[in-house]
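Here is what Swiss-Prot records for this protein:
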DOMAIN    63-130  domain 'BTB'
DOMAIN    165-267  domain 'BACK'
REPEAT    314-360  repeat 'Kelch 1'
REPEAT    362-408  repeat 'Kelch 2'
REPEAT    409-455  repeat 'Kelch 3'
REPEAT    457-502  repeat 'Kelch 4'
REPEAT    504-549  repeat 'Kelch 5'
REPEAT    551-596  repeat 'Kelch 6'
């Protein structure tokens, strides 16, 4: 070994080393070469260590505890169980008798569920499914395995349906899963018209029925539906529930009924007529309806109109370029609340991303992450507010790519791969999780906009790598061929494109010299483009989408500033008007519109 100091004859290395340790033991004196260092962290070590420990468990080697669950004996290591479960840590490190026992009996837990959880402790893997979730969640709660509790709740969220939401709600309540309980409550309220017809609804105890019908957000067309649901519930087990009718009826908002229904249906029902408290509630409602001048003095929970959260289309703005870098953030605009809210971000930053909606799922294709061109694809599920990356990648990297859906396939059109501008077109089959090449365009196009109309896929404008284009091509999937159609009046790259009132609108973008505010539209019946009134702002890299019948231009770049503002086109007044703004400024982001069929947007 090299000495740390030059020594005189007779000096020993030990003496010298002792001098070296004076002061900082890790620092050699000045002038002495510092030893080379290479910190090393193994990614394999944790996994390989667990694998070996799991093999020891399976061979019953070095095991120091046996868990007895019913008729099952499970061999394990206390240190592993204690590291994974606060329940076992308290058991084995405290003064409990179990800390000294080699066999420990675990009660009130399913054998198979315990096996799965012990396996998870050794492997980090578990499969939650319909057949085990009802035993797995209670077991995870007992062992205080929060990660598995969350996984079970996430699984149950995805299974929510009008036929089972009440059962899931009760299950969540029993096991104190507050988030799952909240989501099940919201789902029940939003889908009450279907829920009230389910067997689970008829089996509800009175207190849970009252909880549901007391909500201001109960989604019903009229209070008649609530009354009918209550009476159906009572008559399902009339002898047992008849005494509970007055208590439940207090939470039906009888003053909101029409006079005809109140008198003709409610007041004449034998169950109502035979109970004094019920008759009093009907009389209260009659007075409210017949004496409008007295209504200010009669306000209360039963006179408060319900305010259900209505469902509709929701606009998503995905990725883009902001503050000098590509971004992964995603936000959504709900016209019902007139609010932009952040949702789950993508796993990658993506500018020049292609976005479209297939089977109520939002796809983000390719783009550029600030340093690399991407061929990866992500898929967003609005029901769970989660992105997944298990979608097959495109055959080549693509940014400034056009993406649209036609005939159940997701098409990726043109773009650039970092080397050249592309005319390549491929389509994704979600059933096969596979991309397949189709006929290429006649022209290379980056910054191209795409739209689907009349069974055809249109590729509008873009740049051939040298200059912006005004040319347009149309793809016929039956022939697998592209055909050239009438060109636009203006050359545009990085434009926005959407189908509105059976015509293709092309807005903004950039020509040879500047960002554009102009707009035009294509009539397929005449094969002609005609000008449309210009937007209030120049917008290159703009997103264009139709949301609940409104044409909206989203974000972009005006030549000076990245934009977060929105404009809406009014075809009657032939004007664009500003319509608020996003949370983030976005250039080259994608937009997509999803119909929220069960009001998922208000669940998470």
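The backbone N, Cα and C atoms fix where each Cβ goes, glycine too.
Across the repeat 'Kelch 5' (504-549), DSSP assigns 0 helix, 22 strand, 24 coil.
Across 314-360, 409-455, 457-502, stretch 314-360 shows the highest tally of CB pairs under 8 A with the repeat 'Kelch 6' (551-596).
Taken through DSSP, the repeat 'Kelch 3' (409-455) splits into 0 helix, 23 strand, 24 coil. Averaged across the repeat 'Kelch 5' (504-549), the predicted model reaches a pLDDT of 96. Per DSSP, the secondary structure of the domain 'BACK' (165-267) breaks down as 76 helix, 0 strand, 27 coil.
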